[in-house]
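Novice: Please see the structure below; I have some questions.
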Amino acid sequence: MRKPLLAANWKMNQTVSESLDWLADFNREIAGVLNNKDVDAVFCPPFTALYPLHQVIASQKMDICLGAQDLFWQEAGAFTGEISPGMLAECGVSYVICGHSERRTLLQESSEMISKKCGAAVAAGLVPILCVGETLSIREGGLTQEWLEAQLYESLDFWDGKSEIVVAYEPIWAIGTGQAATAADAEAACAIIRDNLREKGAGFADQVRILYGGSVTPENAAELMSGANVDGALVGGASLKAAAFAGICRAVFAENSQG
Ligand code: PEP
């Protein structure tokens, strides 16, 4: 049984003070409902908020994990503007998003770069959340499976088949559009992803958590996660409001505790 993982991707939103307010609100909303035996809740704020959030999470012993939205594959050196795996680990980070479609498209990150980032994360003891997903034209052209397989083949070059990773299926046409995939489409894509993971990590693929991302809300979260291969969600817009993200956590918790 894979423990559901719900990750909040705040993107370039929330100042430090807004992040701290958000955490207090979320903690109030979720108090007594969730604990990390049931669901892993991961917050991925901008880099600037990581350490202040870590201090509060640690001092109040909250059942919340911190994630970063990106990293660089070198540990130190002349890489202006980049951040290293060790710097993130020191801020209490345990997960890191790698290869979000916004970075693949806006910043031309290649799967080769993303594989290096994932490998550096694993080497530093962080769990990469590797994002893959197709555009609308690829989907309409009937090429979703081929696209996902190619992205996985290149982005998983780093993977030894047994270190802990998370994969997020994020169809680009569903991100920020309010038009989520159907539960059947999410399950079909996540099943393709798991089959591909088996080729490299035969004994471990069933332990890898595969998330769906794209316009997840408190109303559709449980349905989207009902497929056998969908183990959680990567949430953008709806994670900016503590109450909405808490609603998603509660919906998934209720679903999980029934089944
Ligand atoms: C995302 O950016 O990873 C995402 C899933 O965004 P949204 O939930 O807003 O579609």
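Residue numbering: from 1, along the chain as shown.
Each residue, glycine too, has its Cβ placed from N, Cα and C.
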Novice: Per TrEMBL, which of SER59, SER115, SER137, SER215 sits in the substrate site along with ASN9, TRP10, LYS11, GLY176, GLY236, GLY237?
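Specialist: So, going by the record in TrEMBL, that would be SER215.
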Novice: Check the Cα distances from GLU170 (active site, proton acceptor) to each of the recorded positions TRP10, LYS11, HIS100, GLY236, GLY237 and keep only the ones within 10 Å.
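Specialist: Matched recorded positions: HIS100, sequence order.
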Novice: Between the Cα atoms of GLY237 (substrate binding site) and HIS100 (active site, electrophile), what distance do you get, rounded to the nearest Å?
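Specialist: It is 14 Å, counting Cα to Cα.
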Novice: Measuring Cβ to any atom of ligand 1 with a strict under-6 Å cutoff, which of the binding-site residues TRP10, SER215, GLY237 qualify?
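Specialist: SER215, GLY237, in sequence order.
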